[in-house]
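S.K.: The structure that follows is given in the form of structure tokens.
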């Protein structure tokens, strides 16, 4: 039923053709069940294990590697001679890499539990309904409830469907609907129509929503929506429709993969075509097909060389290390790629309650009457320090601490706060914090009593558990609470009837009242001044109300409560406590004692974090279900708005936002910094508009209602105290619910990206070198300098360790003084591309040169001519060009060993070059990153391992080197440092002075 909240009870019952006392007939139930289906959320069809595995192979680079492995396997199958076993090593290693990669990918996907499934935990198992087949209420499975059913709910129940209340069977009905609205204070419900068809869920006071909890009271209602038609069902549909965006890093790596695959394909084809003339060379036995296959193998080796196989593992390791560092700062990252996305966050949309504020109501101001003369009066105003539930704070008057027992009015005010109250403070030993037990508003009053200590109770030596309610206990020993007149909407107040624990002639029964100021003060005939009471005159009333209005609408927008007493109440037996309509009669002729103003105060550290965001070019937007006045006041206190800043077109309510045209809504999202009284759908819409401006949005949330927006935004941030649905829909969970933790995580994300750029460039320059090496050997007609199994070893192990260590580079000092980077900015641009191409060409040329040196110039080498080396495939005994040359020398492992050793050593030098993008090694020495030094030592040790420990040399087709050969390796390798230092010097001084580190 649409807009059931706007209809009267009779209209709703008439729509379903149902009687409140008897319920639906079985025939009606059957028809309605057929029409609307079961009252449950459909289960989400998850991906099968096979689908998840296949997904891991959709990446282009992975497919190229898979193809290379398959081709290598086929070629190895037909291999003859000694190389039969070693030929299988390459496809086996490639497949091993791909399998490991797929396992990690599948595990991560399985680990990200389905947020849609988590919604089901809010579905109650049973419900209580009235139906015509039974005279009394019956318990049935909640999934069998249909629209039109008459449902009974009571305290502790979970609401089984969306229900329009028809009658309330208790004084009040309080509902905790925080999972849907995000607001922690329970809501008082009624049965009157709410005429506004566009009312937000918070304002539909005559509706109960599926999955919410009854905090107090008992009521009956008619079901108006079930299953996916409920509010929680709409959230589920929105989540199903929300596609997960790929992170900027994933998009970059996808683009890089596509470009690389095109380059690889071109080079492979080019190498094959260049050598068509050699297909018939004698070494291939004159067989054109065998020659074609030989060069096809070289093309496959090229593909293996060009792909940085170690990159996925290094990126995963770097992100995992980043998540550990973030966890220490209370940011628990659930999705690894999002660590890097945090670095380019340009907008943070934050909840107010609990994130920007403490979510711990505290009284910060109060007043009592000082003097009254006719229509004029003066007040004693006090401020209270301390912004949490900890019973630690002072009462100040004119900025100086005061002793509360010196003021009779404060003693009485504390007595009302302690007795007209059902809450308590509770010390949580495990977490070492004070928590509320009961309503937030009442806990604030309990905490105030502890800070006031009106009877000067000795508090030293008490444990924290004893300290929690020490001062309240003293007051409760003096008077005993007999009964409570519950809060009701008509009088907007509640009261308690108390009798003295030690009766005497002077002490008598009293009623203590607290409630909304306008309601309570209208029923006050007198006013307390010190220990006397004087009549309340219109002038005094006006003065008191003007102060209360000022507190409620000023810079703090405090929530005010008036406190009063009834000095001569009726006796209990004279009251009718069954009918709450009579309560207002018993709460008249009151004496006004004072007023307290409370708020959910901003966290102390938030203002500095908001300032840091401004420096870093990040816009902070507050999004809250609270009213606009309170939201703007908090924004001013924490620096989102200036103290006197005009908030027109910068702060909107959900209603105001809906009334704008789509283009005006888009403009609003470009400038706004505060959205109040919003619904979940607004959050998703705001994220969409921000994304249309290419903003990278971090969105916080804790309720079920926030899940679609958390899923839609680039970075969904759930609260540690939030619902399971919010957590599973998010990329990150704040263990401490603190806004400042988000800012610390953004800083970490920026540092991680900078380090990632360094190691990605490092790995790519290595791959460029390998490609140049293989291309040169093929183009010059030299014997193979590097084979695929060696390239895999270098790409995975030797390069992988220093690349991982580059993830430990210290962050720049000015990292949060720069604007967010453009997510579309390429990983490697212009000058840097030239730099890494130049270095790569040197790496390739040096590797080929090292192999050629052994053939042409080495003392222990064959000393063949350049012509003989470049035409080695024509070598045979009857060829005069190769007279005196043993053709087997061209298959010696020495040139390969020289090439591999030069490649490894140059890469270690290159790792040192990557310590900083533009800073010289003289300014930033290697020991700035001790992990890098350690990883270089480990990589070289592993290289010695495969050189000198059997049977590894056989697998890698290499052989140990002597000292002369090692000295030549160093002579060829070390110039790469000088070369990069020169390029850095040019960059620093001529090309990119703005990037000076």
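From the backbone N, Cα and C atoms, a Cβ is placed for every residue, glycine too.
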S.K.: 353, 489, 514, 559, 624, 625, 626, 677, 683, 705 show up in Swiss-Prot as binding ATP; which entry in 309, 442, 747, 748 does that record put in the same site?
M.R.: 442
S.K.: Which is it, of 717-736, 757-776, 857-876, that Swiss-Prot names as transmembrane segment?
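M.R.: Of the candidate stretches, Swiss-Prot labels 757-776 as transmembrane segment.
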S.K.: Which candidate from 667, 694, 702 does Swiss-Prot annotate alongside 351, 353 at the Mg(2+) binding site?
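M.R.: Mg(2+) site check in Swiss-Prot: besides 351, 353, the record includes 702 out of 667, 694, 702.
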S.K.: Among 656, 659, 891, 907, which residue does Swiss-Prot name as a further Ca(2+) 2 binder in the site formed by 767, 770, 798, 799?
M.R.: 907
S.K.: Looking only at the topology recorded in Swiss-Prot, are residue 212 and residue 986 found on one side of the membrane?
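M.R.: Membrane side for residue 212 and residue 986, as annotated in Swiss-Prot: identical.
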S.K.: Pick from 643-654, 931-942: which range has region 'Interaction with PLN' per Swiss-Prot?
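M.R.: Comparing 643-654, 931-942 with Swiss-Prot, region 'Interaction with PLN' matches 931-942.
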S.K.: Measuring C-alpha to C-alpha, could you say which of the recorded positions 559, 580, 625, 661, 663, 798 are within 10 Å of residue 353 (Mg(2+) binding site)?
M.R.: 625
S.K.: Counting other CB atoms within 10 A of each CB, which of the recorded positions 38, 580, 705, 767 comes out lowest?
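M.R.: Comparing Cβ neighbour counts within 10 Å for the recorded positions 38, 580, 705, 767 gives 38.
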S.K.: Quick check for the class: what is the C-alpha distance, in angstrom and rounded, between residue 767 (Ca(2+) 2 binding site) and residue 294 (3'-nitrotyrosine)?
M.R.: 22
S.K.: Consider the recorded positions 38, 531, 663, 677 and say which one has the Cα lying nearest the Cα of residue 798 (Ca(2+) 2 binding site).
M.R.: 663
S.K.: List the residues of the same chain that sit at least 6 positions away from residue 441 (phosphothreonine) in sequence and have their Cβ under 8 Å from its Cβ, in sequence order, or write 'none'.
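M.R.: The answer is 185, 361, 559, 561, 598.
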S.K.: Within the same chain, where does the transmembrane segment (49-69) have neighbours whose Cβ lies under 8 angstroms from its own Cβ atoms, ignoring anything closer than 6 residues to its ends? I mean 6 or more beyond.
M.R.: 90-91, 94-95, 97-98, 101-102, 105-106, 109-110, 254, 257-258, 260-261, 264, 300, 303-304, 307, 309, 788
S.K.: Taking a Cβ cut-off under 8 Å, which residues six or more beyond the ends of the topological domain 'Cytoplasmic' (808-827) line up next to it in the same chain?
M.R.: 248, 251-252, 256, 321, 343-346, 612, 615-618, 694, 696, 746-747, 750-751, 753-755, 757-758, 760-761, 915-916, 928-929, 931-932, 997
S.K.: Taking Cα-Cα distance, which of the recorded positions 38, 294, 295, 351, 663, 770 are within 10 Å of residue 625 (ATP binding site)?
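M.R.: So far as Cα distances go, the recorded positions lying within 10 Å of residue 625 (ATP binding site) are 351.
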S.K.: Tell me the residue counts in helix, strand and coil for the topological domain 'Lumenal' (851-896), as DSSP assigns them.
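M.R.: Breakdown, helix to coil: 26 helix, 0 strand, 20 coil.
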S.K.: Nearest of the binding-site residues to residue 295 (3'-nitrotyrosine) by CA-CA distance, picking from 677, 702, 705, 770?
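M.R.: Ranked by Cα distance from residue 295 (3'-nitrotyrosine), first place goes to 770.
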S.K.: How many other Cβ atoms sit within 10 Å of the Cβ of residue 353 (Mg(2+) binding site)?
M.R.: 22
